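S.K.: The transmembrane segment annotation in TrEMBL covers 16-39, 51-73, 80-101, 107-127, 139-163, 169-189, 219-242, 254-273, 285-306, 312-336, 348-369, 375-393. Positions annotated as domain 'Major facilitator superfamily (MFS) profile' by TrEMBL: 16-398.
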Amino acid sequence: MAEPSEDKHAFQRGDALIFFGGITALTAISIDIILPATGVIARSFGVKESLGAMLVGSYFLAYAAGMMLWGLFSDAFGRRLALILSLISFTASSLLCALAPSFEVLIAGRILQGLTGGAPVIARAMVRDVSSGNEAARILTVLTAILTVATLIAPVLGSGLLVLFEWRAIFWALTLLGLIFLAYTIFVIEETMTERRPDRFTWSFVAASSRQLFALPAYVVPVVASSFAFAGYAAILSVGAVLTENVYHVSPQAFGSLFALAALANTCGALSARQMLKTVPLARITSLSVMLLGLAALVSVVSALTTPTLPLFWGVVCLYVFCFGMVYPTSVALALEPAGEMPGFATSLMSTIQTAMGAGGAALATVLFDGSHRAIPITMAIFGLLSVGTLLLKRRALQV
C-alpha cells in the first residue's frame with residue numbers, strides 16, 4: 001500500500017479534482033442515470049412498471065447499510081485500500097446489472113452496487129485528511145460543483161443511451177466509469193492518512209458514538225428533519241419516470257430533460273441558502289428552509305386533490321425540490337456543529353439515516369402509485385409535513 005503523500009498539494013491538481021468530483025458524484029450518477037429507464041426495464045422483464053422503482057429504492061437501502069461500513073473501514077485500514085476495494089466491487093456489480101438475465105438478478109446487482117458505493121464517503125474523508133479551513137472549503141466547493149453538473153447531466157445521458165441503444169447500455173456505462181476510476185486510483189492516487197484508527201472498526205465504537213450523538217437534540221433535530229425532506233425527494237426519483245410516462249405521456253427518452261429542471265431547482269435552492277448565510281445565522285436559515293418546505297408540502301396536497309397539467313404538476317415538484325435544496329445543506333451543517341471530535345462518524349451516521357429514510361419514501365411512492373399523478377404529491381406532502389413537525393416539536397434545540 002502506498003504511504004501517505006508528502007505533497008498534499010498534489011491532491012489539488014486539476015485532474016485529481018475532476019477525479020474526486022467524479023467519485024463524489026458516483027452515487028448520484030448511479031441513481032439519476034437510470035431514472036428514465038425504470039419503466040422500460042420493468043417492461044423488458046415482464047413485470048409491473050411500478051416495480052421499476054425498486055431499482056432506486058433497493059440502491060438507497062443498500063447504500064445506507066454500506067455507507068458507514070466504508071467510512072469506518074477507511075479509518076481503520078487506509079483510504080486508498082478502501083477506495084480500491086469499493087471501486088472493484090462497484091464495477092463488478094455494475095457488470096452484473098448489465099448482464100442480468102432476470103429482474104431479480106438485476107435487483108440483486110443494484111443492492112450490491114449500493115453496498116459497494118463507498119467512494120463518495122471515502123472521497124470526503126480524503127479531503128479532510130489533506131486540507132482544512134478555507135483550503136478544504138475551496139476543494140469541497142469544486143467537488144460540489146462537479147456533483148451538481150453530474151446530477152444535471154446523468155438523467156439526460158440515461159435518456160440518450162436509451163435513444164441510441166437499450167437499457168443495458170446504462171449499466172455498461174457505469175461499468176466503464178468504475179474501471180476508469182479504478183485505474184486512476186491504482187496508478188495515481190496515494191494514501192492520504194497519516195494515522196490509522198483500527199479501534200473504530202468495531203461495534204463498540206459504533207454503539208458508543210451513536211448513543212452520544214442521539215443524546216444531542218441539536219444533532220438529532222436537523223438530521224431527522226432533513227431525512228424526512230429527503231424521503232419526499234426520493235419519491236420523485238423512484239416513480240417520476242413511470243408516472244410522467246403513464247399520466248402525461250412523457251417518453252423515457254424525454255424524461256431526462258424534464259428531471260434536469262428539478263435538478264436545476266435543487267441547485268438554485270442550495271445557492272439561495274448559501275447566499276443567505278452571508279447575513280443570516282445558520283440555525284435561522286435552517287428553520288426558514290424547513291418552514292418553506294412545509295409550504296411546498298401544502299401545495300403538494302392541493303396538487304394531489306386536483307388534476308394538474310404537466311407544467312403545474314412539475315412546477316409543484318420543482319418547488320418542493322427547491323426547498324429541499326435549501327433544507328439539506330443547512331441541516332447537514334447545523335447537525336455537525338455539536339459533533340465535537342467525531343465529525344466523520346457523525347456525517348456517516350447522518351447520511352445512513354437520510355438514505356434509509358429515502359428508501360422508505362421511494363417504497364411508499366411505489367405502493368401509492370395507482371396509475372394517477374397522486375403518488376408523488378402525497379409522498380412529498382407526508383414527509384414535508386413530518387419535517388416541519390420535527391422542527392416545531394424541538395425548535396428550541398436549534399436555538400432560533
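Yeah, the Cβs are placed from backbone N, Cα and C, and that goes for glycine too.
Annotations in TrEMBL come from automatic prediction, not curation.
On this model, are these features tucked inside or out on the surface, and what's nearby?
M.R.: Regional average pLDDT for the domain 'Major facilitator superfamily (MFS) profile' (16-398) in the model is 85.
Cβ atoms under 8 Å from those of the transmembrane segment (107-127) belong to residues 11, 20, 23-27, 30, 54-55, 58-67, 69-71, 73-75, 79, 82-83, 86-87, 89-90, 92-94, 96-97, 100, 136, 139-140, 143, 171, 174, 181, 192, 344, 347-348, 351 of the same chain, restricted to positions at least 6 beyond its ends.
Residues 32, 35-36, 148, 151-152, 155-160, 236, 240-241, 244-245, 285, 289, 314, 317-319, 321-326, 328-330 of the same chain sit 6 or more residues outside the transmembrane segment (254-273) yet have a Cβ under 8 Å from a Cβ within it.
Beyond its flanks by at least six residues, the transmembrane segment (312-336) meets 218-219, 222-223, 225-226, 229-230, 232-233, 236, 240, 244, 248, 258, 261-263, 265-270, 272-274, 277, 282-283, 285-286, 288-290, 292-293, 295-297, 299-300, 303, 343, 346-347, 350, 373, 376-377, 380, 384, 387, 398 of its own chain at Cβ-Cβ distances under 8 Å.
Proximity of distant same-chain residues to the transmembrane segment (348-369), defined by a Cβ-Cβ separation under 8 Å and at least 6 residues beyond the stretch ends, is recorded for 50-51, 53-54, 56-58, 60-61, 63-65, 67-68, 71-72, 121, 209-210, 213, 223-224, 226-228, 230-235, 237-239, 242-243, 332, 335-336, 375-376, 378-379, 382-383.
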